[in-house]
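Asker: Here's a structure for you.
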Amino acid sequence: MTHQTHAYHMVNPSPWPLTGALSALLMTSGLTMWFHFNSMTLLMIGLTTNMLTMYQWWRDVIRESTFQGHHTPAVQKGLRYGMILFIISEVLFFTGFFWAFYHSSLAPTPELGGCWPPTGIHPLNPLEVPLLNTSVLLASGVSITWAHHSLMEGDRKHMLQALFITITLGVYFTLLQASEYYEAPFTISDGVYGSTFFVATGFHGLHVIIGSTFLIVCFFRQLKFHFTSNHHFGFEAAAWYWHFVDVVWLFLYVSIYWWGS
């Protein structure tokens, strides 16, 4: 690395892609074992291996960027393109769920009673918990933007305050969603309405948990002075992801909760 004549980071050999692939194999096999034989042993081994791989791989990335200085502007540009493509892939992922919902709701079959919501389904009131959830996520979008601007201006105190507020709102959203699921008058097995509702909102909830975890890591990194006003792609990626989660929820709220009810 001493005599490098280019701006790109030549990554050292790493075991983490191999252990990541192994953990994916164990998790998918473990799911099958759980579904068919009611044994969670293989699934737990897979999840543990996956968590350890993620922790150690991202630990290496933080060391290479923050402490060894390998993330030059050219490398950061590549990471930005990578994050943008990842978010686009997530948009297409959710497009499939919206497609399933609109396919079923715009032309309900005779089996559904020829109406939407299907006969016997009592949808949730969009002006109760779903509206509160919308307010919570919109507020978190404001606070993450406040945190980003504070970071760019070198205002460490306000950045930490705003980031903490965002994380708190993310956790609050998750708790509200869990209580809504617990009290819902229908289940995932209640036909196409139940399956599209719980799969779409459930995967969004999973993304909120992932985004909250991402932001918690950024919070602790900021406490350790890892970010500067012009070198903070880890936080920027988390902010982009959080805005994506916000926008997806708005589409979910308008489509499934409001129009779909």
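Including glycine, each Cβ sits where the backbone N, Cα and C put it.
The topological domain 'Mitochondrial matrix' feature in Swiss-Prot is assigned to 1-15, 67-72, 224-232. Sequence annotations record features per position, and here Swiss-Prot assigns transmembrane segment to 16-34, 41-66, 73-105, 129-152, 156-183, 191-223, 233-256. Per Swiss-Prot, the feature topological domain 'Mitochondrial intermembrane' maps to 35-40, 106-128, 184-190, 257-261.
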Asker: Could you give the residue numbers and ranges of same-chain residues that sit at least 6 residues beyond the transmembrane segment (129-152) on either side and whose C-beta is under 8 angstroms from one of its C-beta atoms?
Answerer: 158-159, 162-163, 165-166, 169-170, 172-173, 176-177, 179-180, 215, 222, 227, 229-230, 232, 235-236, 239, 242-243, 245-246, 249-250, 253, 257-258
Asker: For the transmembrane segment (233-256), I need the partner stretch with the highest count of C-beta pairs below 8 angstroms, choosing only from 16-34, 41-66, 73-105, 156-183.
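Answerer: The stretch with the most close Cβ contacts to the transmembrane segment (233-256) is 73-105.
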Asker: Could you tell me what the rest of the chain brings near the topological domain 'Mitochondrial intermembrane' (35-40), counting residues at least six beyond its ends with Cβ under 8 Å?
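Answerer: Distant contacts of the topological domain 'Mitochondrial intermembrane' (35-40): none.
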Asker: Per DSSP, what is the residue count of the topological domain 'Mitochondrial intermembrane' (35-40) in each of helix, strand and coil?
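Answerer: Its residues divide into 3 helix, 0 strand, 3 coil.
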Asker: Across the topological domain 'Mitochondrial intermembrane' (184-190), what are the DSSP residue counts per state (helix, strand, coil)?
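Answerer: Result for the topological domain 'Mitochondrial intermembrane' (184-190), in helix, strand, coil order: 0 helix, 0 strand, 7 coil.
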Asker: Residues of the same chain, at least six outside the transmembrane segment (41-66), with any C-beta under 8 angstroms of its C-beta?
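Answerer: Sequence-distant neighbours of the transmembrane segment (41-66): 9, 11, 14, 16, 19-20, 22-31, 33-34, 217, 221, 226, 233-234.
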